[in-house]
Structures are given as structure tokens and as C-alpha cells.
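Report on the structure given below.
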Amino acid sequence: MSSSRRRRGGGPERAADNWERLVRAALKRDRDHLRLGGAPAAVGGQRLADAVPASLGRTTNIEQILQAADDIEDEDPNVARILCEQAYTMAQNLDPSSEGRGVLQFKTGLASVIKQKLAKKDGALIDRQNDIQVLWNFYLEYKSRRRVDDMQREQERLRESGTFSTEMGNRAREMKKVFATLRALLDVLENLVGQSPTDRLHRQILEEIKKIKRSDAALRGELMPYNIVPLDAPSSVANIIGFFPEVRAATAAIQNCEDLPRFPFDTPQLRQKDIFDLLQYVFGFQEDNIRNQRENVVLMLANAQSWLSLPIGSEPKIDEMAVTEVFCKVLDNYIKWCRYLGKRVAWTSLEAVNKNRKIILVALYFLIWGEAANVRFLPECICYIFHNMAKELDGILDSSDAETAKSCTSEGSTSFLERIITPIYDTMAAEAENNKNGKAAHSAWRNYDDFNEYFWSRSCFELGWPPAESSKFLRKPAKRKRTGKTNFVEHRTFLHLYRSFHRLWIFLLLMFQLLAIIAFHHGKMDIDTIKILLSAGPAFFVLNFIECCLDVILMFGAYKTARGFAISRLVIRFLWLTAVSTFVTYLYVKVLEEKNARNSDSTYFRIYGLVLGGYAAVRIMFALMAKIPACHRLSSFSDRSQFFQFFKWIYQERYYVGRGLYESISDYARYVIFWVVILACKFTFAYFLQIKPLVEPTSIIVQLHDLKYSWHDLVSRGNKNALTILSLWAPVLAIYLMDIHIWYTLLSALVGGVMGARDRLGEIRSIEMLHKRFESFPEAFAKNLSPPRISSRPIAQDSEITTKMYASIFSPFWNEIIKSLREEDYISNREMDLLMMPSNCGNLRLVQWPLFLLTSKIMLANDYASDCKDSQYELWDRISKDEYMAYAVKECYYSTEKILHSLVDAEGQRWVERLFRDLNDSIAQGSLLVTINLKKLQLVQSRLTGLTGLLIRDETAGRAAGVTNALLELYEVVTHEFLAPNLREQFDTWQLLLRARNDGRLFSKIFWPKDPEMKEQVKRLHLLLTVKDSAANIPKNLEARRRLQFFTNSLFMDMPTAKPVSEMIPFSVFTPYYSETVLYSMSELCVENEDGISILFYLQKIYPDEWANFLERIGHGESSEDDFKDSPSDTLELRFWVSYRGQTLARTVRGMMYYRRALMLQSYLEKRYLGGIEDGNSAAEYIDTQGYELSPDARAQADIKFTYVVSCQIYGQQKQMKKQEAADIALLLQRNEALRVAFIHEEENISRDRKATTKEYYSKLVKADVHGKDQEIYCIKLPGNPKLGEGKPENQNHAIIFTRGDAVQTIDMNQDNYLEEAMKMRNLLEEFRNVHGNHGIRKPTILGVREHVFTGSVSSLASFMSKQETSFVTLGQRVLAYLKVRMHYGHPDVFDRIFHITRGGISKASRVINISEDIYAGFNSTLRQGNITHHEYIQVGKGRDVGLNQIALFEGKVAGGNGEQVLSRDVYRLGQLFDFFRMLTFFFTTVGYYVCTMMTVLTVYIFLYGRVYLALSGLDYSISREARFLGNTALDAALNAQFLVQIGIFTAVPMVMGFILELGLMKAVFSFITMQLQFCSVFFTFSLGTRTHYFGRTILHGGAKYKATGRGFVVRHIKFAENYRLYSRSHFVKALEVALLLIVYIAYGYTKGGSSSFILITISSWFLVMSWLFAPYIFNPSGFEWQKTVEDFDDWTNWLLYKGGVGVKGDNSWESWWDEEQEHIQTFRGRILETILSLRFLMFQYGIVYKLKITDHNTSLAVYGFSWIVLVVMVLLFKLFTATPKKSTALPTFVRFLQGVLAIGIIAGIALLIVLTSFTVADLFASALAFIATGWCVLCLAVSWKRVVKALGLWDSVREIARMYDAGMGAIIFVPIVFFSWFPFVSTFQSRFLFNQAFSRGLEISLILAGNKANQQT
């Protein structure tokens, strides 16, 4: 028994011991907790309240009672003991058998705590009989000591007055803690007393409790959890949002129940009953769903009202217009759906629906949506549900008494979730399970789109209400009986490319045909040529017929469920195109017969022309009506005619989505002209450089006969050398099909550059430009980023006063930006002082600029003055040439006067006044040079500097005396040396001063500067006099410079006018998170990698200036990590410092919370500028933004406009498992009060018989409470596990119900934000209103935002990725928006929240097909008549992958996602429904980019296989001998284009254009050259292979999945084996195949120019081979270091030879890895395709054996047959040689002997063969090449048909051959690495180019790579 107990963990005794230790730690006051800013202590330091299990805490207030016990432990341990006992009793009553998770441990530990507390205290035993009395006395004493009654009275007074201060906000938060403790004390007292009082004390307690419950709303209301608006406690003063007039009006609107039926409302609550209570009663919505959507609707109404105008009066009301706006926006999709289906909406007319009914319908829609869970992905399903429920509700509302809805009632209970949502969810879950974790074919199961599109036809109403579970829609898949797909089937085939974009391919093929015909007719356009050109007619119809056939074939799997109209259209189109193709072809044949007959009859030609002309006219008419904006109204009008409807329906299928995909005339003309230019360039190039040069060679080759073949020819005789012509034309055709993308790239770069210049990008591209234009910033800021009512206030005409006003508006914002840079450690304290700008609100008579503009100006002015020999005016002219020098001189003069005047009194003040009066008179009279001695100016400056140096410090007696002395010295210098003799004499004879000086009274009394404005001026004057640095070096940090440059540049860009914060569009920020790094722990910072490098050490070297700034900020000198261990607060700061430089959630949260900070600052200052008074300060006074973040009004205003939700999917599990991530997320919650975390809570329920376990899932939202603990706000039950599809969109979907506002910005957790950019957010949001119509005929639905990639400075690879990404997200997106095809490519985009949540959400989630979930949001938005724009005056930071493996995984993920997009219905519909030119842009910027990438690589294969065919067949020699050429001009053009694409030249064109625009021409050229020297062409060529492999394999076999690329700091060396595993099949195998082709071509090919021609024509291919083979090692840190190479070889051989097995991963064993690499071949179709592709390798053996000299030019098939016999013998010999004694146990010695004899025999046989026959050594190597290729073919076939091979018992042999191949490939790659590793300079050179960016910033990368070991040892 004891042993079993030990196995189970020791039972209750062990649990008690553990909890004894835990509780002792919990009862100690965790002092470090406070020093860490509220951070949770270590696990051992957990507080009592933190240990409550979820099962207890959810249904009781045990947690609150234990929290109170924690709080009063120090005040009265005895009371704490009473509370603990009560908590234990409640836990025991709730779960007496301790079945809940963690309950037994909790109760055991709590009992231990109580036992400790029952010990003797003060020498006496604790009397438990007096617990009630003790508790009551403590309650009264606590209430009195905390002045609760006074606090409540003060709260009431504040509520009535509506005046709120910062101090009040702090007190309100403190009050919350007091009220929480009082509430817990009363609850315990109530439980102890019970309902039957036994004495006077008990009755007194019950009376107090009743009194509290009856009247003390504050005590209960302040403690009710809420999200943003405390609707359950509207009188709370801790959050004053409820006092805003618009919120009060919205709340009153939902509480208007006068015309509603009566319904039960018995729950005692603080608020009044409202329409949500009615809906909850009627439909059975969950309580927390009601609370969540109540707040959502209140905020929507309030914000809609605030945009119109703020309501006034004591009882504000919502305008009808605001309600109608919300109503129309929320139900817009529902109204369109009803209109599409021809159904009447749930109300009679919009005018007939009153305001209250509109609010009820909006509330109903949101409640359905809020509880719909995964059904939210089915927007039209929600429309169907809403339609039926609204009709039910309409009947209920017309009655006097409400009743529960029949549709949601079952067995007496009402539950919307169980009756409506759960049946739909269960069916979707069953279908999702049928996809076999994404491995099943898409056609085998219904995805979200299939379920949703069921509701696109009127037949959906056959489903009934409530939905009938027996319907086809809700049928769960069985073995042979399942519901088919809807409207579309995602079959896995490349044919989708032709089907979706058939217009493109038909156009290109027809143009190729026409150009070729013209070329073959030598450009002559006579009647014969025209008749041949008309062959395009039959070709057109045949190509359209092929597309129609694909429609028929690829719809297989959806015919049973497809709409009748869709099937009818397919049949009609098929029959029509069959007939018309046949007819047109027949006519054209007759036309050719007429032509050949040479008679004058041209009847058929005329008929043919009429048919083609008529058809073309009809097609053009329908194209115009469907696509041209001007004709669209005519098209809509013609829909009334059934005739036109029919033909439009045949021309273009009608869906619910995709209707009205047209743009304005100007937008249409814009992209048509764009593409006309591209197509003109493309076809001109194609005709003159691709097609025309091939005409003559083709004509000659066709005429050649009896060419001699060097092999046994099987197919080429009698077909006019068709294969030869094919090998000549195929690479040219391949380039012809893809080079349109090249032209697009070039023109888009040009257009994007012009657009960027027009938008004024790059105007401020250096710190020098920033200095020169700083004067213009305040005005630009005031006009763009301030509301008009502030920036356009009436002011005087004086330009200086105007500038000063603008500066006063600008300065607080500028200063906050500078402070944020300091907080982020980008600048030092000194730089901050120099960058800060004075408030410009004082009475100083000039504008005060930041000191960094004025540094050293005073010294230069002094020099000018000392050298001055001219007049005062000439001196001033010289100074004024530098405007900032003039400002510095003026400010120094005025500040000195003001400071001196404020310092002294009496005689001293009179001296100052007279001195400056005389000086002013001299200046006015132009006699200053006569009045003063300029030579002594520097002496005056030194004395003044000494004075200010004392004044900038705190006042002490000694310093006060020093100031007096300094003033006296200044007096002496000024009076006796600086002033002219006549003035000196006047001052010396001034009796007042003379007596004061003689009496020692002069300057004896000093008024030390205490006013904030005066202190700022003194400090500023001191810096002005002392700082000598050049302003060009401030700030030094490059990132600080970049941010300031971009921000100031953006002030001059075109952006909407800012609205006041109260009127701006509200928005949310939304971040999905799974399990990535939240915050680096100290152990992660200090742990060293294999080179001895820790993350902290690495970052110290990468960011030395930021590290120094950090140490300065926390008050440390030069520190190591050991110095931080003594200070928990410094340790935490260090963790944050490192985390803010990685791609962590902490960085993202900090960045996004800048939005709230910016809104608080803007709201706070707006109120002051507009004359509002808060905290006793008016707008006229000195503006100090200190403490604005504590302003209750500013905080509330920010909260009503901004919400941040992080969807931490598994946060609940992380908390249960005590993971570090959970503690770090909790810390972020504590540090950011506006942060909300949503997560999925999973709960296990055990049945009563304890045999079955069920799981329940909840969507929860939490925030940090006043104690810093997680406070649950909402908990909404889900119908089941929410993860049915892709994880990330499902994570977003469950939490999106907690977002607020009209917009939502989707932010990934590798992003960052900046305070200065956050200030522009309200401008960006105004774009949604499209007031000026700048964005076309539709309002924007997605606002694209510029990104800055912040990971580009780490290495050259990171730089390549950063620049490539930056080019795409700036110039690329700019052009796409211009051409009206921008989609959603990244996370910073801002969505119209209401538009998207009513149309399926912000992403799609179907398994695998939606792996690239982001872009589908753009597809969906466009198809649903949205409008996607792009804006570059605001930017968001973004991290990218920095290591080659990370980059390859990322590109593989994106390429795989694009492969899935090819199969998707969204791409199909956009390809079909866009007009032709818009479709072109869409194709070449989405899947077409990857198609062209693949074509680039395929061109190499097509060219080389064609050349190898000519070489091996001997035709190249035969043809060249007779014709002397093969048309190299066209081939050269094709290959050159391919090579330029391959090495990334065209990728770099937009990049270079972006550089020129934003950096300048010289920097752009330098940057491009630097990239080339860093082998960027190798990188781009390698990336080409990555994209091609994953894109192609995904379409062929599937297997696309989310790949976690990792976002850490990559400087470690990657093992050779790891690189081989990752790139073997994607790059190495393909590179070696190309190398084999090149070797064969060089060996057997014929070129007139010899080897030089071979090199020139194959150089691009050799470059590709080298790049694909060696790029992973070139870009591998320490890739050529000898020691690493040796270690890599050992690791490689161990991995290669290690046997696999069950549970052995591919990282450890070659065998396991080899098995994993075959997993993508799952289907029979995939095996067939692999078989076909593998057969190409047989060509090598077939061709080479006939080239062997031993064959003596014999072309008999027997030669080829004999080569197979040799191959079989070689395989048998290999089998014998690889046999081991273990496998041949009978005769092990004999086997070894036989192997030796055979080896000798083989060598001897080969020698004899060479000596005795014509067989040569060259033949030996040629045979090896042939057999290697054939062996690989056999290997591929064996892998494809694995089951057959296993059944034959040959699998082990196949595996050993495969191992040999991998060993050989590895050796080919490894040998050059070993060779270069012998030379140390190679490793040095590699480090230099690999980390060049880091070197340029002072990174000691050599030290990093060598390790920090040396430092540690010394």
C-alpha cells in the first residue's frame, strides 16, 4: 500500500506537506511583489487567494474572502483566521468529496493554514465562540478607520457635481480595495449569523446587512466586474465613463421598455431592466453574452451619437439619426441577403420601425452573433437565424406579456445555444473530423464556405425553424452517405490555374499565335495573312470549350447539392460551346479550302467574318455592361428583361458575393492604361526578340530530311523534326508566358515611385533635413494632427505670435515623443534634454525651439561678436543668416533678463531693470557697439554659466550663498568690463546700488526658481550656454533618427483632418497569441549557446548605445547580469529591455498601448486648449502634461475609444500548468490596465456514474483587478471545441466578440508601434468616412497601413528580407491600391469592424485551404463590395525572420498557402468576376507571382532537357552541320530574361526605387552595390527554389501547414545535417539534376563557338546549381570554421547511419527522416503524377549508352536492353556488398571472402574491358552518370508505390540504396566546405559579409561568434 501511495504522489499527507510550505510563503508579506510593480512572485510566494481552484472560484466568493484575509493579515491575524475558516467551510460544502481539479490540495493546504492560526496568541487561546463579535468589531473599526461613510458621501457629491479630478481617480481605486474587504467581511458575517438571529448582536448585524443591500449601492456596484462601461454599477466614480452624456443617453435608450411587453425581472440589480433582459428571457441567451453585447451596443450608440453631437440636458437622449446609422450598418448584409433571395425583411419598412425597435433588432443580431461560436464564420447562416428569430420576436413584441420563444425552448428550458447553435456546430465538427487533420482531400468534407453557401439559395428555407435535424444540411457524414459540397469543389490540380484565369491564358496563347503567324509571313498583312490570322477564331472557341469542360469535371462532388440553376448553366454552356466550336472550326476549314482553291468565291469567308464579328460584338457588349462603370446602370436596368438576364447569366455566373465588382470611370481608366502600356511593351519584346528570330531556323529545320540520329529513334521520323522544333520553341514560350510579370514589376516600380514622390515620401530623409525644416513642423502638426477648432482659433496677425501658438500646440506632443524615446532607451538623458521643446505658453517674447537646434550657436555668435568690426546691423545680419543662431541669441538675452529679474528683489531688481532698459534703448538706436564691449562678451557668458550651474540644482544654504557670490561677480563683470565707460560711471555713481552694496544687501536675498516654467528656463539657459556639440549628432541612435524623420515627414503628407477625441471613430486592436515568448526570463537571458553566447551578451554588442542608455535610466554603471540579481525591480527592467528588442508579446503590448497613451494626451490637452478646466489649471496657464495619464476624464475618453484584446488561446491551460508564459501575461495585465486577455477555458465534467468524462469549453475575457489578479469579466459557453479549422483564425474568432468600436486593427505578435504614430490613428480612421470621395465609389472597408521591418540590422540575410518585405509593404501595396486590387497581406491593416463581423469575420478558418488566413479577409471584403486602400503617413513596426532556415520556412509556408489559394473558390470567383485588366493585376500579384516563379525554374529544365535531347540524339551536330545555326538570338533573349529573374534583379527594381525615393539616389546605389557584394543574388536564387518547391508540391500533393518559424535571435551555427534535412528535397536534389543535365550537355552537345559558348549559354544554370547547393552553408554563421566542420561531419555520419524506429524523430535518424519525406504522397493521383515526373530520368541512360565508344555507333534497341542487364547486375552486386554477417548468419566468413573476390574481380574486369575493347575511362564515368539517373528514377518509383515494393520484400534494399544516394549527395556538398574550411581567411570573410550591417554599427561579431569564453576565463 505504501508503495502504491508513493507512486500516486504520497496522498493527502504529501499534499499537506506541500501546502504547508506554500502557505508559509503565502503568509509572509511578499515585499518583492511591490518592488516589481505588482508582478506575481515566484510560485512559492503565491498568496492564498491565488490558490483557489477554478471550480470553487467560479460559483462562490471564496477567492474574495481569502483576498481579504491576505489584506488584513498584518492588521488582525485572528480575523484573517476566521475568514480562512469560513472559506474552508464553503469549499467543503460545495465539494465535500474533493472531486474538482486541485480541490483536495486546496482544502488540505487551507486546513494547514487554519491549524497554524489556531496556535496561542498573546499567551491566550483563541476563543472561537466570540468569532462573530470579533469580526463585527473589526468590521466597525475597519469601516471607521477607512472613513467609508465619508468616502461614500464624497462620491455622492462628485456624482451630483460631475466634477472629477486626478486625485479622485486615485481615491476611487483605493476605495475599491476597501469595499472589496468590507464586502467579504459582511458575507462571512451573514454566513456565520444565518437567517435566524439568536441575540441582539446578531439582529444588529442582519440589520446592517439589509441596510447595505438596500441602500449602499456603491459597496456592491464598485466591486462588480465590468469591461469598459460599469453598466451594472452606473454610479461608480472609479470609472467616469458612465457620466458621459452620450453614454447616459445610450444607456437610457436601451432601458426604454415602455412599449415592450411585460416580462419577469426579479433579479436584484443596481441597474434598471432593459431590452437585453427581455431578449434573454425570450430566447435564453447566456448571462455573460447579454452583458457583453449590452456594453457593445451602448458603446456603438454612444459613439454614433458623439460623432453627430454631444447630447445636452439632465436626461440626454440618442438622436434617431444615430440609431438609424447603427441599424443600417449592422443589418446591411442581412438586408442585401433578403433582397438577393427575394425575401421580405423581418420588418415592414425602415420608416415604419421606431427607434426602440431598431435598437432591439440590433441587440438581437449582436446577441445571436455573440453566442454563435464557429457559426460566426457563416454570415448568411446568421442572417437566416436572425430572420427567423426577428419574426418570432415581432409577434412577441406585439403582445402584452412576453413569452419564451418556441424555437429556443426544449423540455421547459430556454437556451439559444443548445437549441440553435449546437446542432449546426455538431455537424460542422463531424465534417471537420472527416478531414483527417487536413490530410483528406478537400472534396471529401464540407468546409465553412460549403455550410455558408447553402444559405445562398431560397432552398435554405426548406431547413425549417428551428432547423430540422433530419435535413441534408445537418446530416453528419457517414461511410457512404454524406452531404456533398456546395457550389464549388477544391480538387487538387494545376488545372485550376487555367479554369480560374482562362481569359489570361486564352489571350496570351492567341496573341502568341497571331504574332507567330505575322512573323512567319514576314510582317506582310495581305488577305492571305488575314485569313490565317482568323485561325484565332477556332482556337478561341476551343480554348473556351476546354475551360467549360474543366467546369464540368471540377464540379464533380457538388452535383447532388448544387443549385439547379448552376447545373443548368454548366449544361447549356457545354452544349453551346461544343456546337459553336464545331461550327466555327468547320467554317474556318471551308475558308482554308477556298483559299487553297484560289477561286474568287469567298462566301464562307464572309459568313465566317459575320459570325466572328457578331459574336465579338455580343461579348463586348456584355463585358461593357458587366464591368464598365458607366454601363453598369444600363446593365442593372436590363436585368428587368428576361432575355438579357439569361444571356448575362450564361456569360457570368451569379453568386451572392462578387456582384458589382466595378470601379469608377477614373479608376477604371487608370488601370486600363497601366496594362495597355505593359502589354504593348511585352508583345513588342516578344515579337522582335523572341518569336521573329526563331522563324528562319524553324523553317530550315522543317525542311531538313534524313537527319542522322545517334540513338535508336522511336518518335521523330516522318514528323518534320517536331521534337527538335519543340525543344527550340519551348523555353521561348515558357518565358513568353511569364515575362509579363517582369514588365509589371518594372512599370509598377516606376508608378510606385511617382506616387510616392507625389505623396511627399522621403522629403525628410536625414537628420540635417529635419533640422532645416523644424520651424515648419508646429504649423503642419497643428493643421493635420489637431482638430480644426484648436488649430484655427482666432489669433493676432503677427506671424511670430501665430508661430508661437502653433509651437504651444506642438510642444507637448513633441516632448511626449521624446520621452517615449527615452523610455525605450533610444536616447540618453542628455539627448532628451536637448531634444525637448519648451511649452511656449509663457510670456517670453519669442518661440523657443529645442536646444539641439541651438547648440553651439551662442559660442559661434560670441566669436562673430568678438571679431565684429562693423555696425550693429551688419553683425545682426551675419548672425541672422543662421536663423537658429538668431533664435538662440534672442532667447539667451530674454531668458537672462527674466531669470535675473525673478532671482532678486529691491536694489538688485532695479539694477536688472535699468541694465536691460539701457541695452534695449541702445539696440533700438543702433548704438549697441558703442554701449558695450563685445570683446568681454565671453567673460559675461562664463559668469552667467556659473550662475545657472548653481540654479539648476536643488536649493541649499551653501548654494544660495554661492548664487549671491555669482551674482556679485556677474555685476562686477557687466558693470566694470562689459559696459561702456559712460554707463559704467552711471552705475558706479548710482547711490541706491552703492549703499546696498556697501551694506551687503545687494543680492543677499535670493528667490530660488520653484515655478516649473522658471526651472525649465534656467535649465534651458544653462544648456544653451554650455552645450558645444554639433546638432548633426543628436540623436545618435539610428532608430531614433528614422522614427523622427518619418514622423516629421508625415506631417506634410495628405491625411484627413483630425477630429476631437470625443468625436473620433472608436477602434480596437486585436492580437492572436498561442505560446510564443511573452517576456524573456533571466535564465533565458543568461543561458549560453554552444559558442558561449547569451542573449544578453549578444544584445549588448548589437545595441551598445541602447544598453548604455538603459543602464543610465535605472541608475547603474557598467553592469553585468550578476549585478541585477540583488534588485528585483532592476531584474524586471532588464527582462523588459531585452524583450523589447525581440519579437515578443511584451513588445507588441507596449507598442499597442501607445494608442491609449496618445488618446489620453490628446484628450487631456484638447480640454485645456478649448478652455476646459481640470485640476485647477486653465488653458492660459503653463501647460504641463505631467500626470495626464492619471486624469479620470482623459482615461475614460481613451477607454471609450480604444480597446486592446489579446487572444491568448491556451492561457487557461498555461495557468493550470503554472507555465512562465501565464505569469508573464498576468504581469502585462497588471502593468496595462486597459489590456484585456481572452482565452478558451476547458473544463472536464465527470458523469454521476463516474464512467464518462465530457469537456465543456468557455470563451473568457479577463483583466487585472485592483489587487493585480485576473478578474473574470465575461465567461461565454461554447458548443464545443472551437478549433475545428486553422488555429489562428479560430483563435481570433472566439475572441472577436470582446472587441469594441467601429474599426479593428489586426496586429500579429511580432509587431511594434510608436507613440508618434499612435497620434495619427484618429486621422487614419477618418478615411473610413471617405468624405471627399478620394477612394472611389465605395467607402473603404480595410485601411492598409505601412510597415517598418525592424529586424533588418542584425545580419545581411535579415537585411535582404527586411528590404524585400519593406518594398512589398510600401511601394508594392501603394501600386496595388492604386490599381484597386490590394488585398489584406499583413496584420497592421485596419478593418471596418461592423462590415467584417457581419460578413464572416476578419479571416477564414477552413482546414488547410485557408492556411494563409489573412489574405482571405481581403478576398472576402472585395467580393462583398468592399474597398481596400493603402496609407503611408502612418507606420507600424514588424519583425521578420532573420536566419536562412527561418526565412525558408516562412517562404515555404507562404508558397504553400498560395498553392492552396489556387484551389480556392475565392480566387476562382475573383478571377472570373474581375474585369480583364483588374484580373491581370490580381493574378500577377497573388498566385501568379508564384506561377511565374515556378516558370522561371521550369525554363531552366525545359531549356536543358531540350538541349540534352538534341545532344544525345545527335541532332544538334547534324542540324548545325547543315544549317549552321539554331536561332540563338531568341534563345539568348529567353535565357537572359530567366537569369535576371532568377538572381532577383527584377525583385530588386521596386526595392531600389524605394531606396531612391526614401534615401536618395547615392544611398540607393550604394545600398544596391552592398547587397550584391553580400551575395544577395545567391539568396534570391535560393529563395526562388524554396517558393517553387513548396508551391508546386502543395498543388500536386497538398501538405501545406502552419510552420512555426521561430522568432528568436539567430546567431548560432546550424549543423550540416540540419541544413541537409531541410533543403535536400527542395533544393539539393533539383540542383544536382540540373548539374547532371549541364554535364551531359557539355559532354555531348555541339556548339559552334566551343567551350566559351557553352559557358555563356549555361552560366545562369550553373549559378542556380551553386546557389541551391551552397547557399545554406554560405549564410550559415561559422559555416567555414574548421572545428565546426569537423563536428558537423561527426553529427552527419551519426545521423546517416542511425537506425530509425518507433518514436525516433527525423532529427535523430536518417531512416525516420526519409519516411517523413514521403508522407506527402498520399493519394493514387499523387502516385501517378510522381510516376510520370520520375520517368524523365530514364532519358539519360537511353541517350548515353548509344554514345559509348564500345557500342561502335550501333543504334539497335539491344544495346539499350543490354544496359539494363548491366544495371541489374550492379544492383545485385550492391546487395551482396551491403549484406552483413547478421543478415547472412549461416556463412559470415564465406560472405566476406566472396565480397573480397568480387571486388578484385570487378576491378580486373573493368581493366580488361578498357584494355581489350574500345571501352574507355570516359565511358566508365558516362555509364556512372547514366546509371545514377536511372537509379534515382527507380528509387522515386519505389517510393511512390511503397506498398507494392514492401509486398515484394524489396523495401529494405530500396532504403539502403536511398541511404547511399543521400550519402553521395551529402559528400558532394561537404567536400567543398571541408576544402574552404582549411583556409582561416574564408571564415573571416564570411563573417564580414554575413554580418556587415552589424559591423557598420560597431558590432563585434567576431567576438560573438568566437564566444565569450575568453572573457569569462580571464
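Numbers run from 1 along the shown chain.
The backbone N, Cα and C atoms fix where each Cβ goes, glycine too.
Note that this is a predicted model, so its numbers are computed, not measured.
Each residue of the domain '1,3-beta-glucan synthase component FKS1-like' (356-468) gets a DSSP state, and the totals for helix, strand and coil are 79 helix, 5 strand, 29 coil. Annotated domain '1,3-beta-glucan synthase component FKS1-like' per TrEMBL: 356-468, in sequence order.
As annotated by TrEMBL, transmembrane segment applies to 501-520 (among others).
Long-range contacts of the transmembrane segment (532-558) within the same chain: residues 443, 484-489, 491, 493, 495-496, 498-499, 502, 505-506, 509-510, 513-514, 517-518, 521, 570, 573-574, 577-578, 580-581, 584-585, 588, 591, 608-609, 612, each at least 6 residues beyond the stretch ends and with a Cβ under 8 Å from a Cβ of the stretch. Taken from TrEMBL, the feature transmembrane segment applies to 532-558 (among others).
The feature transmembrane segment is assigned by TrEMBL to 570-589 (among others). Below 8 angstroms of C-beta separation, residues 534-535, 537-538, 541-542, 544-545, 548-549, 551-552, 555, 604, 607-608, 611-612, 615, 650 of the same chain, each at least six residues beyond the ends of the transmembrane segment (570-589), sit close to that stretch.
Residues 511-512, 515, 518-519, 628-629, 662, 736, 739-740, 743-744, 747, 751, 1378-1380, 1475, 1477-1478, 1480-1481, 1529-1530, 1533 of the same chain lie 6+ residues outside the transmembrane segment (668-689) yet bring a C-beta within less than 8 angstroms of a C-beta in it. Taken from TrEMBL, the feature transmembrane segment covers 668-689 (among others).
Taken from TrEMBL, the feature transmembrane segment applies to 733-757 (among others). When Cβ-Cβ distances below 8 Å are used as the criterion, the transmembrane segment (733-757) is approached by residues 508, 512, 674, 677-679, 681-682, 685-686, 690-691, 1370-1372, 1374-1375, 1378, 1432, 1480-1481, 1484-1485, 1488-1489, 1491-1492, 1495-1496, 1498-1499, 1502, 1533-1534, 1537-1538, 1540-1541, 1546-1547, 1549-1550, 1552-1554, 1556-1558 of the same chain, each at least six residues removed from its ends.
Marked as transmembrane segment by TrEMBL: 1539-1561 (among others).
The transmembrane segment annotation in TrEMBL covers 1628-1647 (among others).
According to TrEMBL, the transmembrane segment annotation covers 1653-1675 (among others). Listed by sequence, the residues of this chain that lie at least six past the ends of the transmembrane segment (1653-1675) yet keep a Cβ under 8 A from its Cβ atoms are 1356-1357, 1444-1445, 1497, 1500, 1503-1504, 1528, 1531-1532, 1535, 1538-1539, 1542-1543, 1575, 1577-1579, 1581-1582, 1585, 1614, 1616, 1619, 1622-1623, 1627-1628, 1630-1632, 1634-1635, 1637-1638, 1641-1642, 1645, 1647, 1868-1869, 1872-1873, 1886, 1890.
If you look up TrEMBL, you'll see 1757-1778 (among others) marked as transmembrane segment. Distant neighbours of the transmembrane segment (1757-1778): 712, 1741-1742, 1745-1746, 1751, 1791, 1794-1795, 1798-1799, 1802, 1823, 1826-1827, 1830-1831, 1853, 1856-1857, 1860; these residues of the same chain sit at least 6 beyond its ends, with a Cβ under 8 Å from one of its Cβ atoms.
The transmembrane segment feature in TrEMBL is assigned to 1790-1815 (among others).
Look at TrEMBL and you will find 1821-1841 (among others) tagged as transmembrane segment.
What TrEMBL lists as transmembrane segment is 1861-1881 (among others). Among residues of the same chain six or more beyond the transmembrane segment (1861-1881), those with a C-beta under 8 A of the stretch's C-beta atoms are 1616, 1620, 1624, 1628-1629, 1632, 1669-1670, 1673, 1679-1682, 1684-1685, 1689, 1692, 1696, 1710, 1714, 1831-1832, 1835.
If one looks beyond the transmembrane segment (1628-1647) by at least 6 residues along the same chain, the residues whose Cβ comes under 8 Å of a Cβ in the stretch are 1497, 1500-1501, 1504-1505, 1507-1508, 1510-1512, 1516-1517, 1520, 1585, 1589, 1620, 1653-1654, 1657-1658, 1661-1662, 1664-1665, 1668-1669, 1740, 1743-1744, 1747, 1822, 1825, 1828-1829, 1865, 1868-1869. For the domain '1,3-beta-glucan synthase component FKS1-like' (356-468), the model's average pLDDT works out to 90.
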